[in-house]
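What follows is a set of notes on a single structure, which appears directly below.
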Amino acid sequence: MREILHIQGGQCGNQIGAKFWEVICGEHGVDPTGTYTGTSPQQLERINVYFNEASGGRHVPRAVLMDLEPGTMDSLRSGPIGGIFRPDNFVFGQSGAGNNWAKGHYTEGAELIDSVLDVVRKEAENCDCLQGFQVCHSLGGGTGSGMGTLLISKIREEYPDRMMLTFSVFPSPKVSDTVVEPYNATLSVHQLVENADECMVLDNEALYDICFRTLKLTNPSFGDLNHLISATMSGVTCCLRFPGQLNSDLRKLAVNLIPFPRLHFFMVGFAPLTSRGSQQYRALTVPELTQQMWDAKNMMCAADPRHGRYLTASAMFRGRMSTKEVDEQMINVQNKNSSYFVEWIPNNVKSSVCDIPPVGLSMASTFVGNSTSIQEMFRRVSEQFTAMFRRKAFLHWYTSEGMDEMEFTEAESNMNDLVAEYQQYQDATAEDDYDEDDDAAAADEA
């Protein structure tokens, strides 16, 4: 059955990944030793999307874990589900990338990449019908961004027809972990535009805001943030893993969400998000879920969908509910907020319904939207990039690893082109007789 191979790289990717596997194990009733302890046959029905069955009925995650330093891996291995992973699938170096994209992409990472690819091949051969890859990484550091994008391009070469989905943590607007984030992120986006099929854009600040505002946590930890991310990750693939009335998979998601190949950066959201104390005061209904799901405060990246327009969106509901009600709510959203949807793609919201809700909830929903307002993220990173690059600040760290300034210039212009493309489709209307020949003719006359 349609397997997904999960790859996590760098500190951020490994921490998100660890949380994700906790969630998936919980949903499928797999305990930390890989033994199935669940009660429902539906948990086992398509457990092989994410798990491989080993001898003795053990379920082993189809996961490849990579990093350029051993630290995060060690703590993951001694964590709550460390024993479930296949020991050979931990691939790590000793030196670390030191937040340097060039080290991850060209020097340290390039030395380690072949052993990672061997593990990926071995896992891919274990699949009946591999659907695609999902990669967790951050774009601000060195390993997740540099080596992560290197791995994505290598996998793209070897498996050109498989879906490539990434969960990418972008640098936050106000909270910066590393000074050279804008460089690393811009160089990574340059790669992701060309080599990934779908990118779910996340950032820590938006996740902090959700924890503060909605979940009422006074000092949220990275564990809390990662839990939000893993709820979304599980929602995106729930239709593959559990029976449902309206199914979606990675490819259907891409076909329905990507009107133009380069515009594949999505905002994600999850509902219901309620603080522990106020849970019993809320009824979980489809209208309630829909309302929270489309709420701008619920988006897991620091871009405000009200500043742009939705090209397309997808809503995945989980739990027992009437599909008629789901469809009514979706039409309702589009009618009430028609100015926030581009009018030249009619009916641009896809919905799917999966019967099995997440553990502990009666129903839930995951939102994935392709909104032109995502350009805010790129624009912000690009401004910071330009400010530093104009003075050539910190550039020697990259050039000493063999990089060329040309590459920076290319990445910068690719990012700016992306912003311009989003802007162009935000302003486009259905009446525009958009004809490229006219533009060319006008340019010739001028």
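Each residue, glycine too, has its Cβ placed from N, Cα and C.
Per Swiss-Prot, the feature GTP binding site maps to GLN11, GLU69, SER138, GLY142, THR143, GLY144, ASN204, ASN226. According to Swiss-Prot, the feature Mg(2+) binding site maps to GLU69. According to Swiss-Prot, the feature region 'Disordered' maps to 426-446. Per Swiss-Prot, compositional bias 'Acidic residues' is recorded for 429-446.
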Around the C-beta of THR143 (GTP binding site), how many further C-beta atoms are within 10 angstroms, looking at every protein chain?
34
Name the residues of the same chain, 6+ apart in sequence, whose Cβ is under 8 Å from the Cβ of SER138 (GTP binding site)?
GLY10, GLN11, CYS12, GLY13, GLY144, SER145, SER168, VAL169
Please report the DSSP secondary structure of GLN11 (GTP binding site), reduced to three states.
helix
With the cut-off set at 10 Å between Cβ atoms, which of these binding-site residues ends up with the most neighbours? Options: GLY144, ASN204.
GLY144
CB neighbours within 10 A of GLU69 (GTP binding site), counting all protein chains shown, number 19
Report the same-chain neighbours of GLY142 (GTP binding site): residues 6+ apart in sequence with Cβ closer than 8 Å to its Cβ, ordered by sequence.
GLY10, LEU68, GLY96, ALA97, GLY98, ASN99, ASN100, TRP101, LYS103, GLY104, ASN184
In sequence order, which residues at least six apart in the same chain have a CB under 8 Å from the CB of ASN226 (GTP binding site)?
GLN15, ILE16, ALA18, LYS19, PHE20
